Amino acid sequence: MATHSIIASFKDTPSFFHAAEKVRDAGYKKWDTYSSFPVHGMPEAQGQPRSKVPVFTFLGGVTGFTLGTFIVWYMGAYDYPLIVGGKPFFSPIFPFPIMYELTILLAAFGTLGGMFITNLLPQHHNPLFESDTFLEVAGDRLVIAIESRDPKFDSAATRQFLEEIGGTDIEEVSA
Amino acid sequence: MATTSQEMDPAQAALLEKVEPAELYEQPLVTNNRDFNWVTNKICGIVEAGTPTWWWVCMAVALATASFTGMGLLWLVSTGVGVWGLANPINWGWAIVNFVFWIGIGHAGTLISAVLCLLKQGWRTSINRAAEAMTIFAVVCAGIFPLFHVGRVWFAWWLFPLPNANAIWPQFRSPLEWDVFAVSTYGTVSVLFWYMGMIPDLGTLRDRAVQRLKAGAYEGATEFKKKFAEGFDVFRKYFYGIFAMGWRNAGNHWRNYEMAYLVLAGLSTPLVLSVHTIVSFDFAVSQLPGWHTTIFPPYFVAGAIFSGFGMVLTLMLPLRAIFGLHDLITQRHIDNMCKICLGTGSIVGYAYIMEFFIAWYGANPYESFAFINRAFGQYWWAYIMMFSCNVFTPQLFWFKKVRQNWALVWVMSILINVGMWFERFVITVTSLANDFLPSSWGYYSPTIVDIFTFFGTFGLFSVLFLLFVRFAPMMPIGEVKFVMPQGDPHGHHEDEKGGHH
């Protein structure tokens, strides 16, 4: 069976954090940290860029606002114009709550969708789930996994590297 | 600094070297030095353990109570809206009172998860999940009233911008239509926010079920019980697994998740303020004395937060006692919630007085009459209930002794909700009952169907909340761990001082 990744555990949050910095500095590309809670400053320690989720939020928001404006104009001023209280058929003022709420609604859907897209979820299977050690991440284990598809990956060297940066319980996870 | 110490007397400088800045003592958010595993076991344990007897008892009572709403609605639908006490001049009675009441309850949940998140208030972590659940269930209860007050409830979809057979579209000039958009958006976004926050914890429940299945050890159980427990874990593996969407606790996942959470908090904050503002427009956009006031939006929002926090306290104090969550929901949490009740309660009290002042200062005889009539007219008893529960009760929260007395806090939190229900009653009914012309005045009393339907919503709310407590992780595990000292990557060890570079 081919190797999917090599995983190593770390004893506490600071050593986990500094180990991540070392993996980043060693030039590995296909690797990740695993912890049951978000570690403050970890994206920088892993050398990851800012999340792209807000792009999806923005797209959702713009769609919502446009849709809101369109339905109010189409339904009230184009398809079935009706005089009520001498008010104009269409104005950006009176139906503003509609546009406002739809902006927020679709921006929220954009955000949730964006979180799934950027995280490549749903993905119900991953070889890491087969590892007993990995399952303990849900409790208090802090794990770094370097994947075999990383260009720098070398079974023996990577294992040694993880040991050098303080990793314990090193395990090879097969694909 | 270097130049100053050179000029200073060396003895003085040496003394200055010894001075350490005092550290402000801050009560920890998780007490008794619990570790990560304890937090996971505690929160997941509630879901994984067998169903306690009290749960079945509460569920039975809640279902029985909820059936009152069912009966009330059945009666209404089969007979007509006339079975509610709505008639001229009070065409809006308990229906809108209950609607605004329940929507208001929901606001604390969003406030805790969104506004306090943006303000980086770490104490929100252990109460936000349950508060968000409360929001969603309160919106469900709220929705019943406007939905059924239209009479022919099967045509309620006409409120949505869908093409209907008569080619008539919704009327976007009406605040009631804005309400439809505001409340349905609010409900939907609250569900999204709640669900997204739960994904990591659902992953945890899935992983724990897999762990138990792999270990195959169900200690001391008979063959039958073992099979039973195994079956449950297989169910959990798939049930939570599907909803966890393959969450792996990866750093990359957390990075996008935290950004999404922050953005959703940023979206929910203006949303929660807009929802109650728009609800207040239902009144404020009218021409009726007592309703037509610009103070309504902020006053409604403050009242909503006030009643919402009241409900959070009502729910969290018993849960804390039942599940022994004292290390997670600490005195500090209760203090903070009490102080928010005090603050918003005072805003509400200020609004009551300001309304009176403006009625007098505005020199509109109808307006002054409406307010004098509210306090001293035929509904004086409701006004007294409202004022004493909402303005005087929370003032007790100034005292630490009161905030530490959990039983008293619990009773007061219920009084707050009673008071807030009366507030909506006073606003709605007194203005409609005595408007411009004495010839069109009337007196409103609810019917038994009104009372049944409203009473039953507490049952419906409880049923939903009990299901939540039983099947969903009650606190965001990851976020609780995040605010613990062990979760700080910059070395917040017990043997070290400080903790930040």
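Glycine too: its Cβ is placed from the backbone N, Cα and C atoms.
Marked as transmembrane segment by TrEMBL: B:54-76 (among others). Tertiary proximity for the transmembrane segment (B:54-76) is limited to same-chain residues at least six positions away from its ends with a CB under 8 Å from its CB atoms, namely 83-84, 144, 148, 322, 449-450, 452-453, 455-460, 462-463, 466, 469-470.
What TrEMBL records for B:96-119 (among others) is transmembrane segment.
Residues annotated as transmembrane segment in TrEMBL: B:131-160 (among others).
If you look up TrEMBL, you'll see B:180-198 (among others) marked as transmembrane segment.
Among the features that TrEMBL reports, transmembrane segment is placed at B:259-279 (among others).
Annotated transmembrane segment per TrEMBL: B:299-319 (among others), in sequence order. Residues 100-101, 103-109, 111-112, 127, 130-131, 134-135, 138, 273, 276-277, 279-280, 325, 329, 333-334, 337-338, 340-341, 344-345, 347-348, 351, 355, 390, 394, 406, 409-410, 413-414, 416-417, 420, 423, 465, 469, 474 of the same chain lie 6 or more positions beyond the ends of the transmembrane segment (B:299-319) yet place their CB under 8 Å from a CB of it.
Sequence annotations record features per position, and here TrEMBL assigns transmembrane segment to B:340-360 (among others).
Taken from TrEMBL, the feature transmembrane segment applies to B:380-399 (among others).
Taken from TrEMBL, the feature transmembrane segment applies to B:406-427 (among others).
For B:447-469 (among others), the entry in TrEMBL reads transmembrane segment. Same-chain residues lying 6+ beyond the ends of the transmembrane segment (B:447-469) with a Cβ under 8 Å from its Cβ atoms: 46, 55, 58-59, 61-73, 75-76, 83-85, 93-94, 98, 102, 130, 133-134, 136-138, 140-141, 144, 148, 315, 319.
Here the transmembrane segment (B:406-427) has long-range neighbours at 94, 96-98, 100-101, 104-105, 283, 290-291, 303, 306-307, 309-311, 313-314, 317-318, 321, 334, 338, 341, 345, 348, 374, 379, 382-383, 385-390, 393-394, 396-397, meaning same-chain residues at least 6 beyond its ends whose C-beta is under 8 angstroms from one of its own.
Residues 69, 73, 76-77, 80-81, 84, 86, 92, 94-96, 98-103, 105-110, 112-113, 168, 170, 176-177, 179-180, 183, 186-187, 190-191, 193-194, 197, 308, 311-312, 315, 453, 457, 460-461, 464-465, 468, 472 of the same chain lie 6 or more positions beyond the ends of the transmembrane segment (B:131-160) yet place their CB under 8 Å from a CB of it. Packing against the transmembrane segment (B:259-279) from elsewhere in the chain are residues 100, 103-104, 107, 110-111, 113-115, 117-118, 175, 178-179, 182-183, 185-186, 189-190, 192-193, 196-197, 297, 300-301, 303-304: each is 6 or more residues past its ends and has a CB under 8 Å from a CB in it.
Proximity of distant same-chain residues to the transmembrane segment (B:380-399), defined by a Cβ-Cβ separation under 8 Å and at least 6 residues beyond the stretch ends, is recorded for 303, 306, 338-339, 341-342, 344-346, 348-349, 352, 374, 408, 412, 415-416, 418-420, 422-423, 425-426, 429-430.
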